[in-house]
Structure formats: structure tokens, C-alpha cells
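Right, one structure below, let's go through it.
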Amino acid sequence: MKTYLHIDWTSCDGRGLCTELLPGVLDRDDWGYPVARGKAGWERTDVPVRDADREAAQEAVFLCPKLALSLFERPGPEQEKRTPGR
Amino acid sequence: MDEAMWAFGRVSGFVSLALFTGSVLLGILNRSGRPLMVLPRFSISILHRNIALLATVFLGLHVGSLLLDSFAKLNPVDIVVPFLGSFQPFWQGLGTVALDLVLAVVVTGLLRHRIGQRSFKAVHWLSYGVWPVAMAHALGNGTDVSSGWFLLLAAVSAVAVAAALLWRLSPSFLETSHARQGNLP
Ligand code: HEM
Ligand code: SF4
């Protein structure tokens, strides 16, 4: 299982608490919104979280003033590749 | 013993009011999205919550000690239902109103993740009502109003809260307002 940090863009207001708590994962754009470093496409909305960043991500979910963040898990890409028929 | 309860009741009331002032200021700062000198945004958010909780604890001590005091003649009913008190029912009732509002704000604040942003925020707006009501209660009901230090505390707090409110309503309030009005750095 891999952990992802989901950003609900309809709720996010670019307040920047998450970018402070996860500086290695999230950058901030000029309007204040979080941008996943080195990611493109859907990984900017469902940002992969390494084990070392899990706790900080949990904190960000708890502290986001707009309740725009959530954590979820799903099988990682490597695992998906191993599943026959996919 | 009674004397001690009375004194403690008054002092804890002042401490609570001062902490609520701090909590309102930090709440507004938190809303602006700005860090404050060495304090990052998440610390301001945590400080805002913890100072509000501490203020609530002192509010509990304030009411609790006056319940035990025979001079204040508080009834347990006076804690929830305003304007029934025997001594200065109106000013004391304002204290009850403030207490009820604080309880609503704190409980919904702590259950924010369960009740959702909309309900949380709807109730949280009440915090702007808490402060003037609590201040009016302190000024009207208190026996220390004539003392200089209390008036000084009240005046400084009022100026600080009024300034924060004006800032809250100004167009450049949000950290990102400059960029969002179309002027990129
Ligand atoms: C457990 C207690 C509390 C928690 C968890 C809490 C949490 C929060 C959060 C998350 C915000 C940001 C809301 C947003 O950005 O949309 C906020 C703002 C604010 N809080 Fe609290 N708060 C608590 C208690 C209080 C109390 C007791 C007061 C005042 C008596 C207060 C006054 C404020 C103010 C004035 C704002 C700015 C609201 C605005 O202008 O939009 N808070 N609080
Ligand atoms: S903390 Fe929440 S509102 Fe602020 S930038 Fe991150 S997701 Fe958006």
C-alpha cells in the first residue's frame, strides 16, 4: 500500500500551512497554493507521501484551516504492475 | 475562605478576558495566512487554539470559584440561563451569554473534522460576538472598574481588537491578496 495526500482544490485557499509542514514535498505557487515538487498530472492532486513524511502529512491534514487535505492509501504502481490482467 | 474565592474569582476572570483577547488577535492573524516573525503559520494556528482553550479553563475557574462564594450569590442556573441573577442581572447575564457562546465556539472548534468546515465556520463567527460581550460584562459587573490597571488593560485590549478588525476588513488583509488582485511579484 502507498499513502497519498489528497488536496481538495475546491476547499483549498492557499493558506500555506501544508507547504510549511511538508517543505520537501510541496512548493507554493505565486497565489499561495501548494504544488507537489517534481510531480505532474494527477500526482499534483493525489500526492505520493513517503513513510518519512507521513507524520508531517498527518499534521497538515489536522491543521489545514480549510479542511482541504486528506490521506488515503491504495496499492502502489509497482504492485499494480504485478497484478495479472491489468 | 470566602474572601479567597471572591478574589480568585475576579483574578481568573481578568486572566480569561486577557487570554480571549489574545485568542481573537491570533485567530485574525491565522485567517490572514501570514507567519509572524519567527512563528510559522502552523504554530500560530496551534497557539490560537491553545490560548483559546486556556482562556476557557480560566473562564471555568472564574465561574466555579464564584459559585462557591457566598457574596456573588451565583446559582447553578445562572451559568446557562442569562439575566436571572440576583446581583446586577443584566451585566452578569452578559457573562452568561459570553460563556454559552464560548462553549459553542470551543466545542465546534474541537469537532471541526467531524462536523465539517461549513458548520464550524458558521459557529466560529460567533467569536466576534464573544469578545465585546465579555468585555461589557467585565466593565459592568466588575468591582475593579475604577482601578487604573483594569481600565488600562481594557483600553489596550479594545484598541488592539479594533485595529485587528480594521486590518481584517482591509483589501490587503490576505497574505496572497496582492498576487490574487493580478499583481504578480
Ligand atoms: C478549540 C477552540 C478553537 C479552535 C480549534 C479554533 C480554530 C480556528 C481556525 C481553524 C480558524 C481559521 C478559520 C479559517 O481560516 O477559516 C480560526 C479563526 C478564528 N478564531 Fe478560532 N478556534 C478556537 C477557539 C476560538 C475562540 C474561543 C475564539 C474567540 C473568542 C476564536 C476566535 C477566532 C477568530 C476571531 C478567527 C478569525 C475568523 C475570521 O475572521 O474569519 N477562536 N479558529
Ligand atoms: S493548508 Fe489547506 S488551505 Fe492551506 S494551502 Fe494547504 S491545503 Fe490549501
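Cβ coordinates are placed from backbone N, Cα and C, and glycine is handled just like the others.
Just so you know, TrEMBL annotations never went through curation; they're auto-generated.
Some features that TrEMBL has for this protein:
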DOMAIN    B:12-134  domain 'Ferric oxidoreductase'
TRANSMEM  B:6-29  transmembrane segment
TRANSMEM  B:50-68  transmembrane segment
TRANSMEM  B:90-111  transmembrane segment
TRANSMEM  B:123-140  transmembrane segment
TRANSMEM  B:146-167  transmembrane segment
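For the transmembrane segment (B:146-167), the partner stretch with the highest count of Cβ pairs under 8 angstroms, out of B:6-29, B:50-68, B:90-111, B:123-140, is B:6-29. The list of residues near the transmembrane segment (B:6-29) in space but at least 6 beyond its ends in sequence, with Cβ under 8 angstroms from a Cβ of it, reads 36, 44, 47-48, 51-52, 54-56, 58-59, 61-62, 65-66, 69, 71-72, 102, 127-128, 130-131, 134-135, 138, 142-144, 150, 153, 157, 160-161, 164-165, 167-168. With a cut-off of 8 Å between Cβ atoms, the residues of this chain six or more beyond the transmembrane segment (B:123-140) that come close are 13-14, 16-17, 20-21, 23-24, 27, 88, 90-92, 94-95, 97-98, 101-102, 104-105, 108-109, 150, 154, 157-158, 161, 165.
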